[in-house]
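Chemist: Below you will find the structure I want to go over with you.
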Amino acid sequence: PELHPCLRDENHTEGSKMDQAMIGWQPTRKRNTILKKSIEKLRSSLDCCHLSKQCCCSNLRSLFPFTKILNGYSGLYDLPCDIIAGLTVGIMHIPQGMAYALLAQLPPVYGLYTSFFPVLVYFLFGTSKHISVVINDIRTGHNITHSIGDEGMLTTTAPHNENLTSLTQMLRNQHMSQLDSIKVGYAMAVTFAVGVLQVFLGAMRLGFLTTFLSDPLISGFTTGAAVHVFSSQVKSAFGVTVQQYSGPFKLIFSYRDFFTNIKNTNIVTMSATLVAVLVLIAIREGINSNKTYKARMKGIPVPGELMVIIVGTILSRHFALHKEFGVAVIGHIPKGFPAVSFTFVKYLPDVIGESFAICFTAFATSFAISKILADKHNYIVDPNQELIAHGASNVLGCMFSSFCSAASLSRSVVQNDVGGKTQFVSLISSALVVVVLLALGPLFQDLPNSILAAIIIVSLKGLLMQFTELKRLWTVSKVDYTVWLVTFVATVFLDVDLGLLIGLIYNIVPILLRTQQPYCCLLGRLPNTDVFVDSKVHLEAVPVPGIKIFKFEAPLYFANMDNFKAALIRETGINPHSLKQLKAQMKDSDMTLRHREVCMATSDTWPNEPCESHEQERPLGSRPFPANCESFAIIIDGSSIQYVDSVTVRVLKEIVLEYAEVDIDVYLGECKAPVRVMLDKSGFYRQVPRRNVCATIGHAVRVAQKSALLSRETLSSTYTMEPEDFIKDGEFVKLDLETSAESIDRIATGPNI
């Protein structure tokens, strides 16, 4: 592809540097400072090196990806598809938005606000064409509930009671109004904190951090959160009063209270919940999941949730279920839009911990949905821009009483199946929500809470069915199986925050353990090739005589260097400390033999004083020698070493010097350019020759063989004394020695090794 006009020169320069590295470029000491390189990378990531008009326009298009939708948008082909998809998704927004607001124990109208404002903001900043951004599904609703407060703060509004005096009822209504304002403040504070964190991560290009949330971790966490959500709706489904708990083991205490008060179940509420659940399951499984119906209706689903809400509202108003039977209803729904408010700022210090959990889990699931749909339709989503889009939706949305938003899997799939082409679908669905906010909202004030609870319970099916993942994970990976199970159990019994933290730690620990005890092996050469492979796997591979080629299948850093040294000694069978001791023993043995010869020579002179100190001395020839004492070089395969720190450089230097003391050279093969730069900066070459760091394994083998041959030639080099070279009249001996240059030339022209 053509280079960006603002970066053409810089990219050309970087390409030249890479070309130099590929042909064996060696780093010099004159390099750019770390600060300068950081600035260059920042400029490259921002695509803004010069303040040209073209560059600014390109940056604006990157910041507002919706402008790309206008290029090639067909009003004849794309617009009708977007209108149909927008109306379908908008119909789903209304009941589910109200239901998820109830899940967060907020007035249902806040769910409608969240189905409008964040959707518009994502339309401006988002890069995905097919996701439906609404309330942050079920997980965030539960986390906000936990953030709002404890016990009395979360008490649900009791139904109207005729026996209460007017003054008591007025005071109660005033108290509940204050509680609602506090709950809304906490919810908006969580939303603002999540949005700021997401915008910060996106601006710093840290979208890759979500990769630490693996699929088993997210699956186990969301399944555990679904159990919490189901438990929170049981009281609304049965009309039973349950005290609100928080912290570890709160589910156990909640179910204890539920079964204690189950005798007070409201029969009408329970019946309404049961009927609504059965109707929703019948529509979802019997009609919407039917392939014949989906093909006939072009993927447009039957709006079962909306039908249940309309019928439930009509029956509740007709039979006066709230007054006659004490069925809890959602109550007053105001018309219009809320005023901009910043009163939530005072609650921010109390919700920082919750915001981290929501931020990462919400974005991880949203980006996963975006990537799946983008791959299906052959376009690219930018994780950093997606972070900014979701963060901006939350920051701006919370000012208009909208709480946390993210992508919904169910509505995104519906939007895709119905035929939505672009994010214009969001504009259509938002317009439908506006109609409800401005005109139709008060019509739903007699809707029973149990109907919304039924919608939430049925929506949990997809999350609860993730239990089936355990069978597959057990077959594929026992580690992933335990990650899922540990995260789920911790989330259910220790609450959502601790569950995510424990799952994240448990997910990272196996990764660290794999780098501590990775697979190690010796490499051998395939016959008649310059290819080096694992000798344990490829039995036809032949070891290079006198050279041990060691491979450590993990990156090197300060935490695993001790294991690296131990594995090197274990696999090669060459311990430099043992060889040092053997060398010292050989030296002592030579002195002992000389001493013994002297003793034997003087035994005739002093026969009455024999030397008994060597009678128990074992001859040198009977002492054990290491099996690999014939090796003269060790080559470390550096293909898995992407980066080295100061500790790694120090340990590598120690290894090279320790083996050098026992006449064994250590080489680094497949050494990458960043590693060579770090070695140079750390002073590695002050004590280690540069020839010990090679570009490939084959190069290292040839260098080691020629170095060994040069050493043997040097040791075996002698001089020949001609008759005229003998000492004459006090003259010194004239020695005819080869120069090192002549020796190297002769070796190079000699037979190949």
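Counting starts with 1 at the first residue shown.
From the backbone N, Cα and C atoms, a Cβ is placed for every residue, glycine too.
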Chemist: Of the residue ranges 68-88, 299-319, 320-340, 530-550, which one carries the transmembrane segment annotation in TrEMBL?
Modeler: 299-319
Chemist: If you look at how TrEMBL annotates this chain, which of 90-108, 394-412, 641-659 comes out as transmembrane segment?
Modeler: 394-412
Chemist: Using a Cβ cut-off under 8 Å, which residues of the same chain at least 6 positions beyond either end of the transmembrane segment (424-444) come close to it?
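Modeler: For the transmembrane segment (424-444), the nonlocal Cβ contacts are 69, 78-79, 82-83, 85-87, 89-91, 93-94, 97-98, 108-109, 112-113, 115-116, 119-120, 122-123, 132-133, 309, 313, 330, 332-337, 415.
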Chemist: What stretch of 109-125, 184-208, 267-287, 355-374 shows the most Cβ pairs under 8 Å to the transmembrane segment (450-470)?
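Modeler: Stretch with maximum Cβ contacts: 267-287.
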Chemist: Does the transmembrane segment (267-287) reach the transmembrane segment (184-208) with at least 3 CB pairs under 8 A, where each pair is 6 or more residues apart?
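Modeler: Contact criterion not met.
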Chemist: Using a cut-off of under 8 Å between C-beta atoms, tell me which stretch among 109-125, 299-319, 482-506 contacts the transmembrane segment (355-374) the most.
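Modeler: Stretch with maximum Cβ contacts: 482-506.
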